[in-house]
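Scroll down for the structure; my scribbles are underneath it.
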Amino acid sequence: MFLYTMGCTTSHEHSWTKVSPEFALTLSISGDQVSALNEVNLLLQDENLQRTFVVRDDTKNAFPPFPDSIPSNTSKQQQQPLGAKAKGSHSQATGYSGHSFSDFSDASYSYATSTQEEYEDILYSLPPGQVYQDPEFPANNEALYLNPRQQVFGDIQWLRPQEILGDKFYPEFVIDGVTQGDIRQGILGDCWFLSSCAAVSKRKKIMSKIIPKNQALSGPQYKGVVRFFFWRFGQWVQVIIDDRLPTVKRKLIFGRCTHPREFWVPLIEKAYAKLYGCYEALGGGITMDALVDLTGGLAERFELVEHDPSLFRFIHTARRAGGFIACSRKGDWRLSNVADPNGLIPGHAYTIINTLVVNFLCISSMLKFIFQWNYALLKHKMGEEKMVCIRNPWGDGAKWKGSWSDHDVNWQWVDEDVRESILGKLDSAEFWMSFRDFYHQFGEVTICHLSPDFDGDVKNLFILFYFFTFSPGHTEMIWGEWILGKTAGGSRNNLNKFATNDQYLLSLTDMRMNDFASESKQNIVISLMQEHRQISKNVKPMMYQIGFFLYQTSERLYKLPLQYFRFNSEYAKTSFFINYREVSGRFELDPGCYVIIPSTFIEDCPSHFLLRVFGEKRFSLKGPLLSR
């Protein structure tokens, strides 16, 4: 089988690599050719696989005119059915289509973070009457664009909150607490980040970690300095900014709060832009990355390709257990300045804020017409509809207009009190739709499982984790490194090199022996995150295609040898190697020992990585195993 993977040779050239164990062939098309063709389709096919890469011109405006997210139909990593084993043969790799590999990778962040001592030095070193100006993230084009010579928006004026409001009003950081209704998106395509903020905003403990208290925007304590915390690569990091914000005619052009005197939304957006290098770097991204950055939890991503009846139950249980859920619509994100006739925006990221099952009157269409005002006289039966409530981060009334929308006739057949309790609480950015329509209209769902890592780094924590249950779980994490010429062995396409990768031993005990459990199997989620590698502040680094393999074995101190891989296939693995910051897989495993091998797709790709394992019950994770 052959597989094409898309790469990038220059900022205006796209390339695809045909990958097989024997050889590689590269096909390149210039940016001008892509523009002329508008769309290039590559069909990948064998006996069991048929996939299409859709490549569109990405060499146009630096900023899309309105919100966007990663097109759900371009990602080629698939989730296995819940509880299934992910079996496979030779390694496969893929990348985002429509964008270069570097388009959605993290920018340098080391320069953007600060210690508590540095924050205190800033506060105490400012002379009376002076306010802070961030030298690392200046109020100019360097903070706006990857290429500071660009000028997309024309005359931008950087103003502090008090300057925006004038003398008649005073600004506040947060008014009456942080809520999802505070968030309004501007012209920057960062709905993937703002929808994640909306999802997390209901959890006060998390938001109090992200947004420290006592940050004044006016009054005697005002210094013009603001700080936020984000979770990065296993630890919480502090980002310090000044409070100057980009405006046009004294109006905020990016994210803003609903209340004109509240400013936590544009300020957290600015801090996140600093973490990524600039505002432009937030234009198009992955919701799961933002959810992890805001919580330190584990995010799983599900593509809505084939109908999975268990997914609604999983979403419903995840929401009740405190998980954060976001979704992205199918379609081209470049068209996201205009809603479809059904009210939904192509390529846009939303937040799932509620789920329920509605009971309604089952009557034929003709009987509904005849007896619509006297349906109680009918001999009827009750039906039910699985529903999801969705929030649009635009907050401007762009809502679903199809079946079960706000004024749809279907609500007439729901009990009046129930109907009022459901619809009466909606605001202009929220709407209900049936899960059947949701499956057809949206491309992916991201669920972030919360880890209560609010006091420091994560290690050996009990976390709120669930697999259709509410039982507490366990997590382990290990930092590792792919070292050039030593442990950067790549995938199984070269077994000699593959055997040099570091290996980690996962040990699961039979919980029936000591916990009165009815099932011996344990649900496990394995997550692999590559480090956000530092380069130039305004240049996004290429993210490697990463994945991992799982082998069932016995208790051991030493690595599995090369000969083992020649005669044994993996027990499970990630479905695809892909250039995400983090990939994960969900597996149902028997008690015993398993070897996890994290790797890049191509050999000799040096980087640090973070391996995390989440499970229902206690387990152990050790490594790296010794070499003989």
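The chain as shown is numbered from 1 upward.
The backbone N, Cα and C atoms fix where each Cβ goes, glycine too.
All annotation found in TrEMBL is predicted automatically rather than curated by experts.
Going by TrEMBL, these are the annotated features:
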- C191: active site (ACT_SITE)
- H348: active site (ACT_SITE)
- N392: active site (ACT_SITE)
- 70-81: compositional bias 'Polar residues' (COMPBIAS)
- 131-451: domain 'Calpain catalytic' (DOMAIN)
- 63-94: region 'Disordered' (REGION)
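Annotated pair H348 (active site) and C191 (active site), C-alpha to C-alpha distance, rounded: 7 Å.
In the structure as shown, the Cβ atom of H348 (active site) sits within 10 Å of 29 other Cβ atoms.
Along the domain 'Calpain catalytic' (131-451), the predicted structure has mean pLDDT 87. Sorting the active-site residues C191, N392 by the number of other Cβ atoms within 10 Å puts C191 first. Secondary structure from DSSP puts H348 (active site) in coil. In the three-state DSSP scheme, N392 (active site) is classed as coil.
Separation of the C-alpha atoms of C191 (active site) and N392 (active site): 9 Å, rounded to the nearest whole number. DSSP gives C191 (active site) a helix state.
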